[in-house]
Amino acid sequence: MKRQNIRTLSLVVTTFTYLLIGAAVFDSLESDTESKRKDTLKEMKVDLKIKYNISDTDYDWIEQMVIETTPHKAGPQWKFAGAFYFATVVLAMIGYGHSTPSTVAGKAFCMLYAAVGIPLGIVMFQSIGERLNKGASIIIKRLKSLLKFKKTEATELNLMMATGMLSSIIMTTGAAVFSRYEGWSYFDAFYYCFITLTTIGFGDYVALQNDHALQNQAGYMALSVVFILFGLAVVASSINILVLRFMTMQTEEMQREDTELGPVSQNVVTVDGEIMTPTGKLLLQAQEFKQSSDRVSVCSCTCYPRYVSTLEIIFKEFSTDLIKM
């Protein structure tokens, strides 16, 4: 238990340290560019206002109109095709923010839909991930048999490598497809694939948002949905392996603790079988105790009093019967 507490504290400290490092790096990489972009936009705003004699109020109105018009470049967002894509993004917990419900009924249904759909999606992705891991294990075992390996069983490292390769193939292939259809650079398309499959979903790059793609390119839309669902299933398979590894570490830790507590558990007095007095009175009947932590050690103070009190009752009854004789 002490080692587990230390490990948990170490993970918390490591995570916060990682956050601090990330903040420092992003600050150094993006801060200057952000300031320059802001200054450039201010200059453009002043030039436009002077050139077209636009007041501050009119400029703010135009700016707001441009922001609200942007989502409609893809065509109707809430027709069936667009709504299906939105539902997929909600269930997958990506949350691009490219389209959001505006009515009270739509917002209420979105919350209810997400509350039911997200757990359903997680279970589905995990289940598919388990099947993928099972298939990968069979393939790895057969390959090892063909290559005459002494041990043919698929190890956790083998599965990690397999899912890593499959994830890389999906991302690189998806990047090529999105680069072609969206007109992005390959790097930006790969960035979009990574942000999507890790469910970060910044929304700076979103597929199917140009040239009425939601309505006019059904095949491309179907491919995008399959990419999201299958890609997340592969990511889930990787997570399954990591969770399995963590559980294995926890089990090994508990076994080590049980081994260390072994000498103490040997001092615990247990009663096995039936005990009868000389008069034939049954004091204790044989019972089957389930394996639990309180039978391994008396440190928890849950099992030792029970055994002591049981023995005290037995000895009292036994002594009484002897006196009567």
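The backbone N, Cα and C atoms fix where each Cβ goes, glycine too.
Just so you know, TrEMBL annotations are computer predictions that nobody has curated.
Marked as domain 'Potassium channel' by TrEMBL: 76-132 (among others).
Annotated domain 'Potassium channel' per TrEMBL: 168-243 (among others), in sequence order.
The transmembrane segment feature in TrEMBL is assigned to 9-26 (among others). The list of residues near the transmembrane segment (9-26) in space but at least 6 beyond its ends in sequence, with Cβ under 8 angstroms from a Cβ of it, is empty.
Residues annotated as transmembrane segment in TrEMBL: 78-96 (among others). Sequence-distant contacts of the transmembrane segment (78-96) (same chain, at least 6 residues past either end, Cβ-Cβ under 8 Å): 110, 113-114, 117-118, 120-121, 196, 199-203, 206, 208, 214-215, 218, 221, 224-225, 228-229, 232.
The transmembrane segment annotation in TrEMBL covers 108-128 (among others).
Outside the transmembrane segment (157-178) by six or more residues, the chain places 132-133, 136-137, 139-140, 184, 186, 189-190, 192-194, 197, 207, 223, 227, 230-231, 234-235, 237-238, 241 with a CB less than 8 A from a CB of the stretch. Sequence annotations record features per position, and here TrEMBL assigns transmembrane segment to 157-178 (among others).
Under the heading transmembrane segment, TrEMBL lists 190-208 (among others). Same-chain residues lying 6 or more positions outside the transmembrane segment (190-208) and placing a CB less than 8 Å from one of its CB atoms are 74, 85, 89, 92-98, 167, 170-172, 174-175, 178, 181-182, 184, 214, 217, 220-221, 224, 227-228, 231-232, 234-235.
Counting same-chain residues at least six beyond the ends of the transmembrane segment (220-244), those with a Cβ under 8 angstroms from any Cβ of the stretch are 81, 84-85, 88-89, 92, 94, 124-126, 128-130, 132-133, 136, 156, 159-160, 163-164, 166-167, 170-171, 174, 177, 181, 193, 196-199, 207-208, 213-214. Feature annotation from TrEMBL assigns transmembrane segment to 220-244 (among others).
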